[in-house]
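Novice: I'd like to ask some things about the structure below.
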Amino acid sequence: MAFHVEGLVAIVVFYLAILAVGIWAAWKTKNTGSEGDRSEAIIVGGRDIGLLVGGFTMTATWVGGGYINGTAEAVYVPDYGLAWAQAPIGYSLSLVAFFFAKPMRSKGYVTMLDPFQQLYGKRMGGLLFIPALMGEMFWAAAIFSALGATISVIIDINVNISVIISALIATLYTLVGGVYSVAYTDVVQLFCIFLGLWISVPFAMSHPAVTDIGLTAVHHVYQAPWLGSINSLDIYTWLDNFFLLTLGGIPWQAYFQRVLSSSSATYAQVLSFLAAFGCLVMAIPAVLIGAIGASTAWNQTEYGVPDPKSKKEADMILPIVLQYLCPVYISFFGLGAVSAAVMSSADSSILSASSMFARNIYQLAFRQNASDREIVWVIRITVLLFGASATAMALLASSVYGLWYLSSDLIYIIIFPQLLCVLFIKGTNTYGAIAGYLFGLVLRITGGEPYLYLQPLIFYPGWYQDDNNLYIQRFPFKTLAMLTSFFTNVIVSYLAKYLFESGTLPPKLDFLDAVVARYSREHMDKATLVKSDNIVLNELAPVNPRHSLTLSSTFTNKEAFNYVDSSPELSNTEDN
């Protein structure tokens, strides 16, 4: 394949446009956040993301390179088809789960890990940071890897160069602008994806080598029908994967970063609904391109024989369709759209990992007296480090996707039930959280992971051995592990609470200060409030508290103070 100057020019134009928007957003919002709150402004902006920009950036939570390429691949592969393209429905339903958005936004949290550290303590927050970081980092590495392969298919430039340049651009505008740069570039990137792919579809569909996709949807022409089917033996695997996408798509910092940057809790819920609709709409051209790939006589194209699935290039079906079934100028425009899709996911993952480390690990666990300027520099340094790490993994690791699959499973099995407990189940504590964490982790690891060639230690009903001598579990053991983690958390929490409060266990054994000490603090706080009825709250409103002074003060809901400040009753009290 010859080097394509036109393709390189198209990529450069798209990348420069996105970089320019990212830097413009950083410049436009450089004064956002009062003195002492700049680090929070980088993570969640001024909590003033509006409906239009918010809708785009919330949609971009999942609509990225993996989403677009993966959906097309699932539809194209004969053993799967549209029936197994679960990401569009699964991720859309995860965004519809608005009841998680309201409590997170209304309580004024800054990252997803804040409620865990507030209720369970900094140690538990550190434990939950591990799977959350793994998910974000391996996701970023996986999509950088996919981007390199995508670009090399069409314009035949070195894969490593394309990965490095893309990572540098995404890291640069994230570094200078934080969540604002991520949000505004998401608008441009989603527009590019939508326009680029929809322009490509009619040209690809009208190619002489392509058969009517309506015919190939239900009839065997070049391969099995692309609508696909679900065998009775695979129904539990399908359900397991569906719940993983739907429920496991909720506890990601990349999602809650958008929720927490919304102007209100109601806006966060509305944006989630808009993003769910956006995810479905953005999947349509990817589904059609996968169907076109399954309906093409590849021996009648320049691609030749064997077809992509026989060459083990099914994961690249989207760029292959753009390259061989569309005119040159259309394929390059579509390539730019796919490249933009990748960066719309990578930038938010890098910022999410950096935000959680700077706030929940560096500040709350080790340096509670750190200045705001210090936290800002920690965020910037970790953006560079995590961006470089994701790039290195994309270039060096041979099983990035396997690592991401495993880490996303851990988010579903460990973080989701913990989030459910910390937001909606009253009375859970650190003992239950640790027990649930360990039980879920053990059940997931012992279930095996074919992508990493990790053999199972527990063989569930329905297991079988494939042609590569890998053990495949048909039983929905991931969902079993998630439910086990959830119920373990609840049962152990209430058991520990009963044992300490009944006197069965002495208070000195509460080494985590999760039951006895917490109960005492709550009563002391109530007594203090009763004795301090002469304090006028609106006198405290103008004070800008240093959130780094104590662990508890970092979770102050400043919106509550703003509301009190505007209360006419309190104003009259002050006048009197």
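Going from the start of the chain as shown, residues are counted 1 onward.
Backbone N, Cα and C atoms are what each Cβ position is placed from, and that goes for glycine too.
Reproduced below are the annotations present in TrEMBL:
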- 6-27: transmembrane segment (TRANSMEM)
- 48-68: transmembrane segment (TRANSMEM)
- 80-101: transmembrane segment (TRANSMEM)
- 127-155: transmembrane segment (TRANSMEM)
- 161-180: transmembrane segment (TRANSMEM)
- 187-205: transmembrane segment (TRANSMEM)
- 235-255: transmembrane segment (TRANSMEM)
- 267-296: transmembrane segment (TRANSMEM)
- 316-342: transmembrane segment (TRANSMEM)
- 377-397: transmembrane segment (TRANSMEM)
- 403-425: transmembrane segment (TRANSMEM)
- 480-500: transmembrane segment (TRANSMEM)
Novice: Can you work out which residues elsewhere in the same chain, 6+ from the ends of the transmembrane segment (187-205), have a Cβ less than 8 Å from its Cβ atoms?
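Specialist: Beyond its ends, the transmembrane segment (187-205) has Cβ neighbours at 14, 17-18, 21, 52-53, 56-57, 59-60, 63, 68, 213, 278, 281-282, 285-286, 288-289, 292, 321-322, 325-327, 330-331, 333-338, 340-341, 343-344.
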Novice: With a cut-off of 8 Å between Cβ atoms, can you find at least three pairs linking the transmembrane segment (235-255) to the transmembrane segment (48-68)? Only pairs 6 or more residues apart in sequence count.
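Specialist: They do touch: at least three Cβ pairs between the two stretches lie under 8 Å.
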Novice: Thinking of Cβ pairs under 8 Å, which stretch from 48-68, 377-397, 403-425 has the most of them with the transmembrane segment (80-101)?
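Specialist: Ranking 48-68, 377-397, 403-425 by Cβ pairs under 8 Å to the transmembrane segment (80-101) puts 48-68 first.
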Novice: Taking the transmembrane segment (316-342) as reference, which of 6-27, 48-68, 127-155, 403-425 has the most Cβ pairs under 8 angstroms?
Specialist: 127-155
Novice: Please identify the stretch among 6-27, 48-68, 127-155, 403-425 with the greatest number of Cβ pairs below 8 Å relative to the transmembrane segment (480-500).
Specialist: 403-425
Novice: Counting a contact as 3 or more Cβ pairs under 8 Å, with residues at least 6 apart in sequence, do the transmembrane segment (6-27) and the transmembrane segment (403-425) touch?
Specialist: no
Novice: Should the transmembrane segment (403-425) and the transmembrane segment (127-155) be scored as in contact, given a threshold of at least 3 Cβ pairs under 8 Å and pairs 6 or more apart?
Specialist: yes
Novice: So what's near the transmembrane segment (48-68) in sequence-distant terms, Cβ-Cβ under 8 Å and 6+ beyond its ends?
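Specialist: Residues packing against the transmembrane segment (48-68) from afar: 87-88, 91, 94-95, 139, 142-143, 146-147, 150, 179, 182-184, 186-187, 189-190, 193, 197, 249, 252, 254-255, 258-259, 261-263, 267, 270-272, 274-275, 278-279, 282-283, 286, 318, 338-339, 341-342, 344-346, 348.
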Novice: May I ask for the residues of the chain that lie six or more residues beyond the transmembrane segment (127-155) and have a Cβ under 8 Å from a Cβ within it?
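Specialist: Long-range Cβ neighbours of the transmembrane segment (127-155): 3-4, 7-8, 11, 64-66, 69, 112-113, 116, 162-163, 166-167, 251-254, 315-316, 318-320, 322-323, 331-332, 335, 338-339, 342-343, 345-346, 349-350, 352-353, 356-357, 360-361, 386-387, 389-391, 393-395, 397, 400-401, 403-404, 407-408, 410-411, 414-415, 418, 434, 437.
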